Amino acid sequence: MGCGMSTEDKEGKARNEEIENQLKRDKLLQRNEIKMLLLGAGESGKSTILKQMKLIHEGSYSRDERESFKEIIFSNTVQSMRVILEAMEGLDIPLDDQRAEYHVQTIFMQPAQIEGDSLPADVGGAIEALWNDAGVQECFRRSREYQLNDSALYYFDSIKRIAASDYLPSDQDVLRSRVKTTGITETTFIIGDLTYRMFDVGGQRSERKKWIHCFENVTTILFLVAISEYDQLLFEDETVNRMQEALTLFDSICNSRWFTKTSIILFLNKIDRFKEKLPVSPMKNYFPDYEGGPEYTAACDYILNRFVSLNQAETKQIYTHFTCATDTSQIRFVMMAVNDIIIQDNLRLCGLI
């Protein structure tokens with residue numbers, strides 16, 4: 001008689017394989033909740049990514065939601081003009097038209113938080129007039145020398161629309177709005193079969209000590225770096241370069257014992273501002289070993305290598321994307337790629353690939 005496997009044995013083996021596969025599938029289903037931790041220094045774009053996730057997966061903001069952002073947008077706009085006017089004093093830059101001094105006083109008289117359903121007409125008029133002043137423009141061009149929100153240019157250029165009595169914020173207006181994140185915020189999204197729990201933590205130094213012990217079991221870390229800030233100093237310590245701070249933070253997270261099995265996705269963000277800055281603010285002034293001149297691709301490669309080379313674990317892969325967090329179509333595409341990465345990592349951990 002031959003020693004081939006009997007029909008009964010084959011059926012038994014097939015059943016065993018099916019049971020094993022079912023167990024693996026069950027294990028995968030238990031992992032269908034993805035905990036994603038958003039990390040990065042202050043103002044790197046973490047909150048903007050969360051807003052984009054809402055737009056992409058839940059649709060546009062409702063009228064009530066848009067209305068709720070009005071006061072934030074008004075406050076951001078007025079505060080940005082106040083910051084420029086204060087910087088003009090420190091940098092000894094005079095107004096080009098001294099008659100605009102009246103508008104300066106209007107701005108300085110405003111509270112830190114602008115309340116109301118519309119921006120007062122005199123405030124909107126003051127911002128429009130000042131933004132057209134050559135002295136204000138000169139100070140704006142030197143904004144790397146002080147702390148100015150990225151949204152300033154966008155809001156100033158839109159001031160007629162923002163100051164209109166019937167103003168209703170657009171999705172882009174909301175994306176550009178800025179409120180400092182303190183503590184930990186959690187946002188949940190469902191993408192296909194996966195439920196994402198995304199945690200955003202404060203980026204400023206004082207918030208960081210609260211991070212690591214809370215998040216040992218996260219699936220993925222999404223780390224954001226504002227690469228446009230290579231020539232800027234920290235808000236909380238104006239002796240420290242923002243890019244150097246981001247490198248130090250990434251090093252500590254990437255090589256932390258808490259995250260040895262956690263996949264890391266690196267968003268090198270604010271590429272639009274980065275591209276604009278390179279010709280006028282040489283990177284070599286801040287990173288002497290950089291030899292690529294104003295060439296955008298060379299500068300991107302340099303920064304990418306600076307971050308990826310910090311990874312000390314041969315088994316850990318860093319997934320990288322160059323991003324503009326305010327570009328919804330680009331972030332939609334990038335997050336599809338991120339979703340694929342997470343699914344593949346899940347399958348690998350469960351032994352299905």
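The backbone N, Cα and C atoms fix where each Cβ goes, glycine too.
The Cβ neighbour count for VAL179 (GTP binding site), using a 10 Å radius and every protein chain shown, is 10. In the three-state DSSP classification, VAL179 (GTP binding site) falls within coil. What TrEMBL records for 43-48, 150-151, 175-181, 200-204, 269-272, ALA325 is GTP binding site.
In the three-state DSSP reading, SER47 (GTP binding site) counts as helix. Sequence-distant contacts of SER47 (GTP binding site), defined by Cβ-Cβ distance under 8 angstroms and a gap of at least six in the same chain, are ARG178, VAL179, THR181, ASP200. Per TrEMBL, Mg(2+) binding site is recorded for SER47, THR181.
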Inset, instruction - Measure from the Cβ of LEU175 (GTP binding site) and count the other Cβ atoms within 10 Å, all protein chains considered. - result: 25
Legend entry - Neighbouring C-beta atoms (10 Å sphere around the C-beta of VAL201 (GTP binding site)): 21
Legend entry - Count of other CB atoms lying within 10 Å of the CB belonging to GLU43 (GTP binding site): 24
Inset, instruction - Let me know the DSSP-derived helix, strand or coil state of VAL201 (GTP binding site), please. - result: strand
